[in-house]
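J.: One structure follows; several queries about it will come next.
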Amino acid sequence: MDSWRGLPAAQQPPWPDEGALREAVAWLSVAPPLVTAEETDRLTSLLGRAARGEAFVLQGGDCAERFDHVTPERVAGRLGTLARMAEVLEAAAGVPVVRVGRIAGQFAKPRSAPAETRDGVSLPSYRGDIVNGAEFTGAARTPDPWRMVRAHRASAATLELVRASGVPVHTSHEALLLEYEGALTRRRAGGWYDTSAHLLWIGERTRDPGGAHVEFAARIANPVAVKLGPAATAREVLELADRLNPWRVPGRLSFIARMGADRVREALPPLVRAVAASGVPVVWLCDPMHGNTETAPSGHKTRPVARVLAEVAGFFEVHRAAGTRPGGLHLEMTGDDVTECVGGAVSERDLPLRYESACDPRLNREQSLEVAAYGAGLLRG
Ligand code: PEP
Ligand code: MN
C-alpha cells in the first residue's frame, strides 16, 4: 500500500515541520475510519449500475469545504438542494439517481501557482483548510500538518449531520494529500480501503499515470474517478483505465470530463470511443464547471450558467453520437443564496454581494435546480 511513496507527487504542500507532520500522520493512522468498507462496496455496485445505464449519478458540493462551515443549516442546505436536484433528474431518467456529495472531506485544493502576490507581498497560496488558512497573512498561509487532524474531525462532524438527515448520500473528495489519505487507509477483507470517503478522485493536475496519485488510487478498493481536461489523450486515458480498472469491475472507475463548453464536442469523442473500444467499463461524468471559469471585470472568478448548460448539452450529444452512456453530472454547488456564478437572478455586478467560496465559484440553489432541470430535459431526449 506504500508503493506510492517515492514516486513523484505533484501538489503536496511544503510542510515546514517534519516532526509535526510525523505526529499528525501518526494520529490519523489510528483515528476512527469515517466510512465502512460495506458502504464503499455498495457505492461501487451502484456506480456499476450507472456504467450499465441502470442508474444516473449526481455528484456535487463545494469546491472547497471550510472548517467553520460545519453547521446543521449549511449541511442541510447543500443536501436539500442535492436531494431536490436528484428528484428532478430521477423523474426524467427513469432510473435511480446515485447521490454523491463533494462533502465531509473536500478540504484540499491543487493550485496553479505555489505563491500569491498582493500589493507587492508574496505568500504561499491557499491550498485548502486542510493545509493552511485562506487569510492573506504569513501565519495563516504557513502549512500546518495538524490541520489534517482538524480536517478529519470536521469530516466526522459533517458526516454525523449527513447521516442524521436520512437521505442516502455517499461522500467523495479529491485524493490530493497523500499523507492524509494514506494514513486513513485500512486493511479489510476486500483489500485496502481509504476510509476518508466512499469515492476518491484524482484531479486534472495530478493524473500523471506514472505519478504517486495514480499509484495510490490503483491500490485502494474504493471506487475512484479521474478528472480529464481537454489536453487528455486517448493513450493516457487508456493507460489510466488499465491501471485503475485492470479487473474491469463495473463501477470501480469513473472519468469526469471537464472540457469546457467550446472544447467538449471535439475533445471528448476520441476519449469516449477509445474507452468503449477497450471494453473497460467506465462511468462517464460531466463536470461543466472547471472548463468554463472566467474572471469578471471585478476580479471575481466566475462561471456563466449558460456555459455550464452548453457543456452539459455537448456532453450528452457526444455520448448520443458515440452510442455510449452519459453517466451523470459533477457540479460545484451549494444550498446557499450565493452570488458566484452568473445567471438567473445573478448578474456580473452582483458578484461582490455574496461571494463566499474560498476557491471556485459555485452554483447557488436556484442555479443548481436550473442545471438539474436542463439535465432532465436532455435525459428525456
Ligand atoms: C476541483 O474539482 O475543484 C478541481 C480542482 O478540479 P480539476 O482537477 O478538474 O481542475
Ligand atoms: Mn473547483
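Heads up, the Cβ atoms here are built off N, Cα and C, so glycines get one too.
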J.: Looking at TrEMBL, which one out of Glu23, Glu90, Glu332 binds Mn(2+) in the same site as Cys63, His290, Asp360?
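T.: Answer per TrEMBL: Glu332.
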J.: Please pick, from Arg66, Arg258, Arg263, Arg265, the residue that TrEMBL records in the phosphoenolpyruvate site together with Arg102, Glu204, Arg205, Lys227.
T.: Arg258
J.: Given Asp360 (Mn(2+) binding site) and Lys227 (phosphoenolpyruvate binding site), what distance in Å do their CA atoms have, once rounded to a whole number?
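T.: Computed Cα spacing between Asp360 (Mn(2+) binding site) and Lys227 (phosphoenolpyruvate binding site) is 16 Å.
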J.: Three-state secondary structure of Arg205 (phosphoenolpyruvate binding site) from DSSP?
T.: helix
J.: According to DSSP, does Glu332 (Mn(2+) binding site) sit in a helix, a strand, or coil?
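T.: Once the DSSP labels are grouped into three classes, Glu332 (Mn(2+) binding site) ends up as strand.
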J.: Which binding-site residues are spatial neighbours of Glu332 (Mn(2+) binding site) here, meaning Cα within 10 Å, out of Arg102, Glu204, Arg205, Arg258?
T.: Arg102
J.: Using Cα coordinates, what distance in whole Å links Arg205 (phosphoenolpyruvate binding site) and Cys63 (Mn(2+) binding site)?
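T.: Between the Cα atoms of Arg205 (phosphoenolpyruvate binding site) and Cys63 (Mn(2+) binding site), the distance comes to 15 Å.
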J.: Using a 10 Å radius around its CB, how many other CB atoms surround Glu332 (Mn(2+) binding site)?
T.: 26
